[in-house]
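Engineer: Got a structure here, written out as structure tokens. Questions coming.
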Amino acid sequence: MPGPTMESEFPVEPQSLKKLSFKSLKRSLDLFSPIHGHFPLPDPESKKVRTSYKLNVEYGGIKGSAAEPSSNAKAGVQNQAQPASAPSNALALPGPENTRDERTGNELALGPSIPANGQTDARFSGKSNAVVPSHGSSERNLSTAAIMERIPSRWPRPIWRAPWKNYRVISGHLGWVRSVAVDPSNTWFCTGSADRTIKIWDLASGRLKLTLTGHIEQVRGLAVSNKHTYMFSAGDDKLVKCWDLEQNKVIRSYHGHLSGVYCLALHPTIDILFTGGRDSVCRVWDIRSKMQIHALSGHDNTVCSVFTRPMDPQVITGSHDSTIKLWDLRYGKTMATLTHHKKSVRAMAQHPTEDCFASASADNIKKFSLPKGEFMHNMLSQQKTIVNAMAVNDEGVMVTGGDNGSMWFWDWKSGHNFQQSQTIVQPGSLDSEAGIYALTYDATGSRLISCEADKTIKMWKEDETATPETHPLHFKPPKDIRRF
């Protein structure tokens, strides 16, 4: 009978990667550390620096207190802490509670926790070998991250906000709804569409009040004046029109754009109009004389978003060339160019009360301060779609609408995304027609109007039945912010 094989006598034990790594480490130790039963020789200079800094940070109230020993006592403590014959086993550990070395029983360098009132703990009196440095010590090593005091995240925590819900769907346009503007009196709003019409709707009831025709291509931009009875519209037909709403007809046209006009804004204090389009230029018009004041040229691609403010920089434009430009309106020159985005900046929104604005592109949503355009921070989530529109209200609720029908709500201050909703297409539409092209709040900021690719206008409001218990706040501060 044949004898047993070697495999049956010595079965091969399966070994994990972790075990193999430990074996390799042990071999390295055997090779390079013949005295691994002993501690390495102490480095008194390093210990002094670390102890000095740690005591300054955590036990700052010790200087000048009743517990501070005299100079003779200090000298005695120092001699006791470093005997000439035996190597020191004192270690500098970050936690004040770990005050005794388990292996040797020696006191550790930091000693006990000393309260700010100067009263030492009776259990540790006379035993600690901590050397108390002066506050003016020049040997503080600020780059030693291992012993620096950890502080909690300073990222602002968002306040709880109620989720928003759709409460009305208005259908009436025969094409994509591309633009929207609310009347300053908050009684009606107007929408421009790919069916070449502008419709005016009652804000309270959602009923159609008026249809204006005159454009020969889709209407891309709308604005309503708060000083005159004028409404301004711009479209892919290169036309910019001024409508008198007392007569319901066009009273002025502004000629000069070489291609489609994609965005439009009215200056808040003076009678000028800004339009941006596919000719890569933002044009500045005098409303009364129809003259072009400036052609703000500098972008390399379509100017697709613009907003204005009363103080410099009075015009901010975003473009498909992925840059944002801040303009000096007096000279028609660029004040600053922001190159933080990697994709087209299709939407921007200025905060109603703070000196800052947000810009949206397919890569990220970013916040910038004004007037210098300094980058503040990114919003804490990525919508991962082309963002066509955004708006923000007085309470700091920002909303962004995407090409895929996603509507995300954000807390302005912290950048936290507190709600992600998906628009529902009207019956008879394709799912691919779930796209949001324009967003605006009404004058109170409590109603939101969205213009969509399924030819509808949807109105949104906060859910009154929601509570922090039914919709809890799930917020985690960003981890990539340094907390030292």
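Glycine is treated like the rest: Cβ placed from N, Cα and C.
The compositional bias 'Low complexity' annotation in TrEMBL covers 78-94. Among the features that TrEMBL reports, compositional bias 'Polar residues' is placed at 116-128. Residues or ranges marked as region 'Disordered' in TrEMBL: 67-139, 464-484. Residues annotated as repeat 'WD' in TrEMBL: 170-211, 212-253, 254-295, 296-337.
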Engineer: Could you give the residue numbers and ranges of same-chain residues that sit at least 6 residues beyond the repeat 'WD' (170-211) on either side and whose C-beta is under 8 angstroms from one of its C-beta atoms?
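Structural biologist: Cβ under 8 Å, 6 or more out: 217-224, 226, 231, 233, 235, 243, 248, 426, 435, 437-444, 447, 449, 451-453, 455-459.
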Engineer: When DSSP states are grouped into helix, strand and coil, how many residues of the repeat 'WD' (212-253) land in each?
Structural biologist: 0 helix, 24 strand, 18 coil
Engineer: To what whole number does the mean pLDDT across the repeat 'WD' (296-337) round?
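Structural biologist: Looking only at the repeat 'WD' (296-337), pLDDT averages out to 95.
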Engineer: What are the DSSP helix/strand/coil residue counts across the repeat 'WD' (170-211)?
Structural biologist: 0 helix, 24 strand, 18 coil
